[in-house]
């Protein structure tokens, strides 16, 4: 079988820029290089027009108004701006934030920073499916709660939270609802009104746009959300985020958003078909291959599977020429496996044994079959040299053994 | 992360994978590590007189852990038990060019051989050498 390697199956990490997006961006590097803040000449007007168009393209995908989009350098900045911006602006009203333990580090570390600066944070857990418990959320609200930050879709597992229900609970208590929608934006339908979302973090490079640009949606009506800027300067982006706008990147972001909207139905059908083909083959052909996270609330392209009794990093090492990611963080000094999988209650063997495959716009069925074959071969090979697999085959309960932790 | 050529060689062509009969009087078995830490090594030796005549391993862990245990089985074959006791993790780390985050793999391999020897000596009532306690 002739197949070109390396094979990219890590679209949740980043995507190639769509050729159609590149074509939109190019003139803004050279011919139309103006500063969108230059009001006195045509160079500035052309750039401003491009930014306005992109703002409207990015907004319309989530049923928002273009005035509600603040461009940032990416979603990490958007998460920082949303959470710190609200905490600072509403400091006189309250200091309590509710978030979740499986959030991206950009949210977790921002909340931890605020904990050191006078805020109180409630960290919601998740169940085995990866979802937060809405009753637990309801009980977590206090009079001084100012913000709930719950991600739309998890980057490791692809599990999608029940945004509409979370939004309704926040809305009823007049508490702002922020969602980190980096993985979900452009992949599944999102509606800021129907879901009562007040702030949303978005990134361009997860939807085949360029790296280095993202946005924060900030609701302007019912309620009008105000945030304290975190970067000060020339007052760009309605004062929310100063700094000369990255016009070529923003133009590309807009084009990528428009294409994502147009192609969403077709992309989803094709990508979900490939994902299911992969899942069915892996779980049928490899014993004790366990899918992590519920597939009932899920992104189409993400598949997180644990291959019990095989350590993830050694499995990755065998998958030469295949770009996937592992939930095992053996390379870090801590030797801690994925905190997301641990929060879902996975035992250590399974948490150390997970792979994340993310399928995207350019993945082919041949690539999926090739990757499945290589995974199966390597899991079989590594299990043949796994003492845990041997013990389990002998009927030994691993939990009954006193391990020498090191 | 980049692996050294020797780590890759041992990972792709591990030496002495397998098991010896752990109930055999001539066999010593050492199992070290924990699933929680992401690596478990089982190392077995067959001893005749005071010489290790065979060694087998099975490892659950990253490529460096597999390579460290594979290398140790290669080294101890034909070695006197007293010499095998002297193997230091730093020798393993140096031979495989392990980066600092992977040093624990070589420590585990040293512990594994010491644990296997201790098990053999326990069977024969000659446990003058105690295995080092894993840190």
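Residue positions begin at 1 at the first shown residue.
Cβ atoms are placed via backbone N, Cα and C, with glycine included.
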Given TrEMBL lists A:75, A:76, A:183, A:203, A:204, A:205, A:244 for pyridoxal 5'-phosphate, the same-site residue among A:155, A:292, A:304: A:155
Please find which two of A:75, A:76, A:155, A:183, A:203, A:204, A:205, A:244 have the most distant C-alpha atoms, given that the record lists them as binding pyridoxal 5'-phosphate, and give only that distance in angstrom, rounded to a whole number. 30
Among A:76, A:155, A:183, which are binding-site residues, the residue with the most C-beta atoms within 10 angstroms of its C-beta: A:183
State which of the following binding-site residues has the fewest other Cβ atoms within 10 Å around its Cβ: A:75, A:204. A:75
When the binding-site residues A:203, A:244 are compared by other Cβ atoms within 10 Å, fewest goes to A:244
For residue A:206 (N6-(pyridoxal phosphate)lysine), the number of neighbouring Cβ atoms whose distance to its own Cβ is within 10 Å equals 27
